[in-house]
Amino acid sequence: MDNLRKLNLLSVSLTIIFVSLTIATNLPFFEVKYPNNNPFGMLLRPTPIKNQSLGLPAHVGSDECRVWTKACSDEILRLTYQPDNVAWLKRVRRTIHENPELAFEEYETSRLIRSELDRMGIMYRYPLAKTGIRAWIGSGGPPFVAVRADMDALPIQEAVEWEHISKVAGKMHACGHDAHVTMLLGAAHILKAREHLLKGTVVLLFQPAEEAGNGAKNMIEDGALDDVEAIFAVHVSHIHPTGVIGSRSGPLLAGCGIFRAVITSEDSRGAANLLLAASSAVISLQGIVSREASPLDSQVVSVTSFDGGHSLDVAPDTVVLGGTFRAFSNSSFYYLKKRIQEVLMDQVGVFGCQATVNFFEKQNAIYPPTTNNDATYNHLKKVTIDLLGDSHFTLAPQMMGAEDFAFYSEIIPAAFYFIGIRNEELGSVHIAHSPHFMIDEDSLPVGAAVHAAVAERYLNDKHS
């Protein structure tokens, strides 16, 4: 037993010496593993130096970039536009596009991401929110800044005829989340090569179920924002020309909610009043915005569904109506929610009827407005202009679309921005959620570079 213990201790000592020499001589690193949690039975598994397959050395970047200059931005662009790197970005995006997965079903997408992170030597935690990933690059200490990408596809049959069309019937990446994942992996590749320059930690969040509305909330509940002090994210835009970044300070995307009202009458003779009561309620709902909202504060209430039965000679015993509401501030948004319930219940009450209103809050169907913090927006704008030039940054208009990135922006300073994919020659002009939606892949390296520069420079600025 004593001889065996001495032999094991000798093995440990030799391992430590070997690893030390490996690091000192910059030889391929050997990863230490402990089988069965036994420190006296270590195995050595050779691991190649990361990033070599894409033509990047393990560490890239001058120490002069510890104080940011235009040369540092140019260095990131040079790394991004290496031919092997651009080709890799396209391969990754096309693989994800061919294999779309719906909310909380992104198992193969997540597997691909983890495979790429493993290849780059990037640490991560998995799973969060069922299929999500929290990876990190840098010192491992504060400050922590996050960049997020969503992973899920939509239940849409792709109508674009091209070599890499969706292989899954009835499912399609029709909102660009395949590009979002690719851009964040591209940023990870750049940041890993420049890890020795990072004055803190960059957190990479790969999030499921943006389209379902509760992916972000579940990620937060599972610790995605632990220690994080600011967060950034991008979304492709068919409005902006390829490679142009658009954003604005303050509210950028609207808060969005849905509602459904079931109208009934306890009086059997009141059935004839149900349609009249419901119709009156619809008209009154339209008056909330036109009569109560400021014309300078954009709000929307729309009734989009009305079911009053199908028989032509029998009055219904129930009428169901529903719709959506949107606003750019929390105060206006929740005022609309309150007034919708009041108007529905009071208006049908005039006709002796009752209304039960459901806002589907338990199903996470309410998104708050997505609001950009002034400081994070200004940081994004400064970094983008230094990286790409004045012509590649534009003030984006407020949009009535909604995004569950809003849940992050409610907790910490955030900046959400658009990257242009519009290219009329390619036919990349269709709105998201269209079966004809496609992107100009020239946007991929731009998004990767902006992500990387925004994150690295955020850490730099915190220490300046």
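Each residue, glycine too, has its Cβ placed from N, Cα and C.
Quick look at what Swiss-Prot lists:
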- 1-24: signal peptide (SIGNAL)
- Cys175, His177, His235: Mn(2+) 2 binding site (BINDING)
- Cys175, Glu211, His433: Mn(2+) 1 binding site (BINDING)
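Overlay of Swiss-Prot feature records on the structure.
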residue : record                : contacts (Cβ under 8 Å, 6+ apart)
Cys175  : Mn(2+) 2 binding site : Ala153, Leu154, Glu211, Val236, Ala432, His433, Phe437
His177  : Mn(2+) 2 binding site : Ala149, Asp150, Met151, Asp152, Ala153, Glu210
His235  : Mn(2+) 2 binding site : Gly176, His180, Glu403, Phe416, Tyr417, Phe418, Ile419
Quick one: what's DSSP say for Cys175 (Mn(2+) 2 binding site), helix, strand or coil?
-> coil
The one of Glu211, His433 whose CB sees the fewest other CB atoms within 10 Å, among these binding-site residues | His433
Near the Mn(2+) 1 site, what residues other than Cys175, Glu211, His433 in the same chain have a C-beta no further than 8 Å from the centroid of the listed C-beta atoms?
-> Ala153, Leu154, Ile156, Ala174, His177, Glu210, Ala432
Three-state secondary structure, His235 (Mn(2+) 2 binding site) (per DSSP) = strand
